[in-house]
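Participant: Taken from TrEMBL, the feature active site, phosphoserine intermediate applies to Ser64. Summarising the annotation, TrEMBL assigns Mg(2+) binding site to Ser64, Asp276, Asp278, Asp280. Positions annotated as substrate binding site by TrEMBL: Glu370, Ala371, Asn372, Arg496, Pro497, Ser498, Gly499, Thr500, Arg505. Taken from TrEMBL, the feature coiled coil covers 387-414. The domain 'Alpha-D-phosphohexomutase alpha/beta/alpha' feature in TrEMBL is assigned to 51-97, 118-167. Annotation source TrEMBL lists domain 'Phosphoacetylglucosamine mutase AMG1' at 178-283, 297-434. Marked as domain 'Alpha-D-phosphohexomutase C-terminal' by TrEMBL: 476-524.
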Amino acid sequence: MDLGAITKYSALHAKPNGLILQYGTAGFRTKAEHLDHVMFRMGLLAVLRSKQTKSTIGVMVTASHNPEEDNGVKLVDPLGEMLAPSWEEHATCLANAEEQDMQRVLIDISEKEAVNLQQDAFVVIGRDTRPSSEKLSQSVIDGVTVLGGQFHDYGLLTTPQLHYMVYCRNTGGRYGKATIEGYYQKLSKAFVELTKQASCSGDEYRSLKVDCANGIGALKLREMEHYFSQGLSVQLFNDGSKGKLNHLCGADFVKSHQKPPQGMEIKSNERCCSFDGDADRIVYYYHDADGHFHLIDGDKIATLISSFLKELLVEIGESLNIGVVQTAYANGSSTRYLEEVMKVPVYCTKTGVKHLHHKAQEFDIGVYFEANGHGTALFSTAVEMKIKQSAEQLEDKKRKAAKMLENIIDLFNQAAGDAISDMLVIEAILALKGLTVQQWDALYTDLPNRQLKVQVADRRVISTTNAERQAVTPPGLQEAINDLVKKYKLSRAFVRPSGTEDVVRVYAEADSQESADHLAHEVSLAVFQLAGGIGERPQPGF
Ligand code: NG1
Ligand code: ZN
């Protein structure tokens, strides 16, 4: 380590005095102007992690669904996963170190993690379309080079595309080619082969309106479009040519406001979807003949996917174990439907895709989705081999199902939740099953629900257990929530500190929208009173 050079370059990316940031569930995220030093330091850290794992490490510059003025950075581990927990701590330490302590912190990390500093390092970098992203990704590169790491800058990429690149590079090309064409070709080939088998291929199944949140998804989908146009034609909205990123549009807006995005004209019963700002989330929706808006969120996506996979397995005659992983935000109706009607085991983990991803790896086939539309399906290597064999050996009908499954395995991004890949999977399933968006929606009816935020002095006073469904501290809060929940039918509520914003999140569901709204408001008041609320008391209404 050339400590002199590190000190010199670090001073060019100086940390603002007193600024403390935490590596949260999605890396570092805050106003873009506070992130230059963090980017440089994450470049340094990525080199150390690469040396330690003897693998390619990814660095993604994005703040996903957050406002355009924000930015963020996260590291991607060798198999496309989120950074290992002990390294999240190192990231926080390094990002918060004062200039004069930088050398010591770097040496500490290297010693603790037994990093061989002689080892080569390789880092791949991607960024979203935020105006601040280009300069910030240059700061990452400065960090990588000053520690002697090699790098490849992919420039503009969706977050899941960067995960894909990392995964490809660390699996010797077996998973796919680590280029943007490689990604387009792998997914499109699987999609086109799959949809060729669909008997219903009328116009209704061939066109889809996509709200791209004015983000990177628009650019990438436009590039990719002609690769799969045989099977699907997409019409892009909020493509970044005029509107602001994530403003009044995108998956997060649609899910949290439960209304359509601006900038998209929707006719009744037309199938529409929204990506978020870095294209790792997707939700579907439509207007019925009476003009009512219907949201089809991550839970219903997981239901469609897992039921289709289960059907294929039955057809092939394989008894592989399939599990669905959700968080506390999953709608109660979805959990009930999956368990009772579909007889698929459902597991609940803490919020944050790394928890879901980890749990899903325990199954032959693990389908995981957050209600907000972030998710994918994971297939164990043993399953992949078995399916490939079946596709060769079985007789006609079974072989067809095995072939489909083979294509679906290729179509899912195994490295991360991916809006583009999920969209193609969903479109293929709808076409193969001849399902309209209304029929899909009618699988079950969501319980009305409401999510709110409460400002408190220190959100860490709230701690939770049981996959965040119960509050342990502050004293009395869970009892208060229990008493409130009892007042409503089919009701459930929980609170947890956000991992990405300085707020406490409140979630409530009940038998009617009015009840869900009331319950959420009452729980907000309890949080405000018992957990040190600041500013104005929560007001009813939204
Ligand atoms: P927080 O801020 O911890 O609730 C949000 C989402 C997560 C996840 C992360 C990362 C909700 C309620 N929370 O986390 O699911 O997507 O952002 O982007 O949607
Ligand atoms: Zn995102």
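Even glycines carry a Cβ here, placed using N, Cα and C.
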Participant: Taking residues 6+ outside the coiled coil (387-414), which of them lie with a CB under 8 Å of any CB in it?
Facilitator: 80, 160, 163-164, 167, 175, 186-187, 189-191, 193-194, 197, 309, 312-313, 315-318, 376-379, 421-422, 424-425, 428, 432
Participant: Hey, of Ser64, Gly499, Arg505, which of those recorded positions are within 10 Å of Asp278 (Mg(2+) binding site), Cα to Cα?
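Facilitator: Passing the 10 Å Cα cut: Ser64.
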Participant: Out of Ser64, Asp280, Asn372, Pro497, Gly499, which recorded positions lie by ligand 2, with a C-beta less than 6 Å from some atom of it?
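Facilitator: So the answer is Ser64, Asp280.
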Participant: Just the binding-site residues from Asp280, Glu370, Gly499 whose C-beta lies under 6 Å from any atom of ligand 1, please, or none if there are none.
Facilitator: Glu370, Gly499
Participant: Using Cα coordinates, what distance in whole Å links Arg505 (substrate binding site) and the residue listed as 'active site, phosphoserine intermediate'?
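Facilitator: Cα of Arg505 (substrate binding site) to Cα of the residue listed as 'active site, phosphoserine intermediate' measures 18 Å after rounding.
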Participant: Of the recorded positions Ser64, Asp276, Asp280, which one sits closest to Glu370 (substrate binding site) when you measure Cα to Cα?
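Facilitator: Spatially nearest to Glu370 (substrate binding site) by Cα position is Asp280.
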Participant: For Pro497 (substrate binding site), what is the secondary structure by DSSP, using just helix, strand and coil?
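Facilitator: The three-state answer is strand.
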Participant: Among the recorded positions listed here, Ser64, Asn372, whose Cβ has the fewest other Cβ atoms inside 10 Å?
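Facilitator: Per-residue Cβ counts within 10 Å for the recorded positions Ser64, Asn372 bottom out at Asn372.
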Participant: From the Cα of Gly499 (substrate binding site) across to the Cα of Ser64 (active site, phosphoserine intermediate), what is the distance in angstrom?
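Facilitator: With distance taken Cα to Cα, Gly499 (substrate binding site) is 14 Å from Ser64 (active site, phosphoserine intermediate).
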Participant: Tell me the coarse DSSP state (helix, strand, coil) of Glu370 (substrate binding site).
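Facilitator: In the DSSP reduction, Glu370 (substrate binding site) maps to coil.
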Participant: If you measure Gly499 (substrate binding site) to Asp280 (Mg(2+) binding site) at Cα, how many Å is it?
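Facilitator: It is 18 Å, counting Cα to Cα.
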Participant: Could you state the whole-number distance in Å separating the C-alpha atoms of Asn372 (substrate binding site) and Asp276 (Mg(2+) binding site)?
Facilitator: 10
